[in-house]
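K.L.:
Sharing a structure here in structure tokens format.
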Amino acid sequence: MGDFNSSSMEDDDMAAPLFERQLRKNYVQRAVDITILLLMISLLSYRLVSIRSHGGDGWEVKTWQVAMGCEAWFTFVWVLVVSTKWNLLRYLTFPQRLLQRKRELPALDMFVTTADPELEPPIIMVNTVLSLMAVDYPGTAHKLAVYVSDDACSPLTFFALSEAAKFAQLWVPFCRKHNIQVRAPFRYFSPTAERPPSASGGSKSPEFQQEWKHIKNEYESLNWKIEDARKKPVSSILSAGEFAAFANMDRGNHPPIVKIIWENKETEPDGLPHLIYISREKRPKHHHHYKAGAMNALIRVSGVMTNAPFMLNVDCDMYTHNPQIVLHALCLLLDPRSQNDTGYVQCPQQFYDGLKDDPFGNQLVVLQEIIGQGIVSIQGPFYGGTGCFHRRRVIYGALPKNVDSKKKNARSMDEISLSEFGSSEQFLKLVTRALKDESGTEKDLPSSLEAALHVASSGYEYGTSWGKKIGLTYGSTTEDIFTGMKIQSKGWRSAYCSLDPPAFLGCAPTGGPASLNQMKRWSTGLLEILVSKSNPIRATLLGRLQFRQCLTYIWVLIWNIRSIPELIYALLPAYCIITNSHFLPKNFAGPRTGYNDTSIRICHIQHLHAIGALQVQLISSSMVELPADGQNQLGLCLVVWCPNRPAQGAGDL
């Protein structure tokens, strides 16, 4: 009987789902959102009804019309927000069930992109690589491969990775042996960080203390070598054979470089993952498409060398903070319920060095915690450009298995031939395997170098569909949003993996100019998508992008445009002071002369905004949150609530 019960428990574990969906109860928030929407509609209705009877000169009528136009825009934006966050959903994953169900975990290729060793210090990139090499992947470390794309073709970056591979032989076993949770050395050994205990509480044992000091000294030595290399000519540090590939190199004009820094030759399950350096070819007359082009080169090179069915890409300054993130993500990708329609798993972008109170909004709290959880319940989150796990076959342009490509609404772009992948015969054979969900290659890493150099050349993409139907999409500086939308327009869904502790932590801009420059680049890229032929409206009408998902994409893409009506509406009170006019609804019962004082109206607006902010604080204490612009809109809508009575001075308010 005991054996029977044990067998039944094992069967239950095998049948148990790898993740659960948790729908958050937000009835109070819905009521508040609908109330705000109704108030905004009532304000617009009043303006429409009274626009003909609105007295005053021509400029006063135009002021009224401008205010009505701004309020109509605010109402439209609020509709998009309410639609997105109507249902808040989160995933709960079970990595232990995955380990019990899967005797052998699938292979995973991990990509790190860097473009400038001056703006992106090599020691930060090295820590990201070390944290990836040390992730928890029991018994299958030989199935992991870390690819580093260096768009600057910097010998310093290559030197730093070579030294990091030596240190990884100490660091990775140390993390696994003592179950270290923070696996980026610069964070683990920082003066402000607590020393994590080992699995057996060994932080107090002499053996652990001695080993900890040894690893710390080795990391300090690694840090010193990299910093010293920045000050000296790299040719004096690298050996002749290693440096030969970088001799007389121009970062904008050089042949492709692919170097195997570390190879798990014996395929040891508990060894180190492969570590491969890539610098794609660049020529002055060829457009290289920035990060999207670098990512596509990584996808092709990894497809030739390891051809893992899943891929993870991170920025060089975003290290792995949760060592079990790969297992959590695979729970969302390998569960039978999502295996056929989940194209990628996105993790939230969180930062470890943000300024107090986040004055520049780098943490994107509203987008990730409110809008992010809301969009999960529709068709899934956007592709954020970092911290994202992809299916290789999805990046290759495949359709979900539950979608019939012969349906009437299927577009010709859904049918992709092998000729669109390029001219490398070895790569095309492996593409065929990847599209069939088969992983692995027929050759070892050194034997694949020639084909890897071929697919990393600058002219390889000519005459192919790379950047159009295959790989990351070109045509926008926000290639991540563009690519995610194209994937979802084919019928794929995406999942959101938000963990505690966070999956990844990155470095946020620390100053105003850096933040503004980043936001300018985002604004430009989002506007490029909005006006392109592949905008979300076309993706909904001609593709398989869901309607509410389309509304959410529109909310993101008009992010920069929203500032225009907000600025105009903010300038209206000052304009009314100068022209002695008004733009708020007038009092019907009181004398017109008393209520026309624009300065009193400004006090009234401030009073209403304070009431709106108070309402938001009360709502937040009830576990209901509003986007930042919800405060302004709630205060604006209280105009309809508050009694319009004659006022002779600011004190009457």
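Cβ atoms are placed via backbone N, Cα and C, with glycine included.
Given the structure is predicted, the values throughout are model-derived calculations rather than measurements.
Grabbed the feature section from TrEMBL, which reads as follows:
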BINDING   E120, D151  UDP-alpha-D-glucose binding site
ACT_SITE  D151  active site
BINDING   K291, D315  Mn(2+) binding site
ACT_SITE  D480  active site
K.L.:
Under 8 Å between C-beta atoms and at least six apart in sequence, can you list the same-chain neighbours of D315 (Mn(2+) binding site), or say none if there are none?
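P.N.:
D315 (Mn(2+) binding site) has long-range Cβ partners V112, T113, T128, G385, T386, G506.
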K.L.:
When neighbour density is defined as the number of other C-beta atoms within 10 angstroms of a residue's C-beta, which of the recorded positions E120, D151, D480 has the lowest density?
P.N.:
E120
K.L.:
Between K291 (Mn(2+) binding site) and E120 (UDP-alpha-D-glucose binding site), what C-alpha distance do you get in Å?
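P.N.:
Approximately 14 Å lies between the Cα of K291 (Mn(2+) binding site) and that of E120 (UDP-alpha-D-glucose binding site).
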K.L.:
Would you mind reading off the Cα separation of E120 (UDP-alpha-D-glucose binding site) from D480 (active site), to the nearest angstrom?
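P.N.:
Each residue's Cα considered, E120 (UDP-alpha-D-glucose binding site) and D480 (active site) end up 20 Å apart.
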K.L.:
Between D480 (active site) and D151 (UDP-alpha-D-glucose binding site), how many Å separate their Cα atoms?
P.N.:
18
K.L.:
Across all chains shown, how many C-beta atoms besides its own are within 10 angstroms of the C-beta of K291 (Mn(2+) binding site)?
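P.N.:
Its Cβ has 21 other Cβ atoms within 10 Å.
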